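Here's the structure, in structure tokens; my notes come after.
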Amino acid sequence: MSGQQTTTHQPWPGVIAAYRDRLPVGDDWTPVTLLEGGTPLIAAPRLSEQTGCTIHLKVEGLNPTGSFKDRGMTMAVTDALARGQRAVLCASTGNTSASAAAYAARAGITCAVLIPQGKIAMGKLAQAVMHGAKIIQIDGNFDDCLELARKMAADFPMISLVNSVNPVRIEGQKTAVFEIVDALGTAPHVHALPVGNAGNITAYWKGYTEYHADGLIDRLPRMLGTQAAGAAPLVLGEPVSHPETIATAIRIGSPASWTSAVEAQQQSKGRFLAATDEEILAAYHLVARAEGVFVEPASAASIAGLLKAIDGGWVARGSTVVCTITGNGLKDPDTALKDMPSVSPVPVDAVAVVEQLGLV
């Protein structure tokens, strides 16, 4: 309309463009991006009321492929393309494969995925297949797959390994911290997150320490990493030969980022906890029904661990806490479908429906 000005809102540009001065990218590199990052930090009022803490959820399941992996993958694939590599390779139980395949498709290069035998969340694998990844099942567990992937990348330089052992993955993943601090204006007292391969706790601690070194925050959080009880090598202090848990994304017996994760825990005066599958599923249902956030089981580990830490007195009432929700619940619909109630028909009658709802 003439005489009126319109307001133009610039879209989120993706994590490389948003934080380029804090990332190891060449001036002439063109980011391979799906506009990842910029995910919401959602207040959790019911969890806050229940615990006496101020809890926020960093909902990384709203990244383009449904998990936090996209932050690191935009960096890894951008780096591979800039170096002239022709393929990316990962060992994955799901989320990494989905992200690697999507970003490889975006870049126009080959993606190969090594998957272990056993339980795989098919929603994640379906994503990789749709993006054209070559899926290879290995007669072994995740750790066997990762060891093979490392060897392949070392022997064939045209292939880039894009698991979190690739340091540029960590660089991309640390940007979630920048967003959290930019939103809160400070660091939380405690940051809770699930721990599988341990790249994320490594990345988050790196982000916090960089902001602190630059004077952008005046405190550092304690890092609270939760592992599944059946896959808790960092809690036990030794590898787990046969990890087992319903939370497939953290079913890892020997984390690739073990050393740096322990450093993050020790330097932050943090803690590793183990949560049983029952505790993880209880948290999975709680966050969905109390806060309206649908998470995959591994993400619920951060909530389960936090509740245990609060009950045990390790997290003081009144603390500000951020929980990282690493993946979307749609990644693993089978777990949710196990709760499907039996459905009985009611008459085509408003009163009958209201009675069924228990409202009268």
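Counting starts with 1 at the first residue shown.
Placement of Cβ uses the backbone N, Cα and C atoms for every residue, glycine included.
Keep in mind that this is a model prediction, so the values were computed, not measured.
Lifted from Swiss-Prot, the feature list:
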{"type": "MOD_RES", "residues": "Lys69", "note": "N6-(pyridoxal phosphate)lysine"}
{"type": "BINDING", "residues": "Asn95, Gly196, Asn197, Ala198, Gly199, Asn200, Thr326", "note": "pyridoxal 5'-phosphate binding site"}
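For the pyridoxal 5'-phosphate site, the Cβ centre of Asn95, Gly196, Asn197, Ala198, Gly199, Asn200, Thr326 serves as reference, and the other residues of the chain with Cβ at most 8 Å from it are Phe68, Ser164, Pro194, Val195, Ile201, Ala249, Ile250. Secondary structure from DSSP puts Asn95 (pyridoxal 5'-phosphate binding site) in a helix. Geometry remark: Gly199 (pyridoxal 5'-phosphate binding site) versus Lys69 (N6-(pyridoxal phosphate)lysine), CA distance 10 Å. Within 10 Å of the residue listed as 'N6-(pyridoxal phosphate)lysine', counting CA to CA, the binding-site residues Gly196, Asn197, Ala198 contribute nothing. Within 10 Å of the C-beta of Asn95 (pyridoxal 5'-phosphate binding site) we count 31 further C-beta atoms, all protein chains included.
Residues Asn95, Gly196, Asn197, Ala198, Gly199, Asn200, Thr326 are the ones the record ties to pyridoxal 5'-phosphate, and the longest Cα gap between any two of them is 14 Å.
The DSSP secondary structure for Lys69 (N6-(pyridoxal phosphate)lysine) is helix.
Of all the binding-site residues listed (Gly196, Gly199), Gly199 has the fewest other CB atoms within 10 A of its CB.
Within 10 Å of the C-beta atom of Thr326 (pyridoxal 5'-phosphate binding site) sit 30 other C-beta atoms, taking all shown protein chains into account. Look at Ala198 (pyridoxal 5'-phosphate binding site): DSSP puts it in coil.
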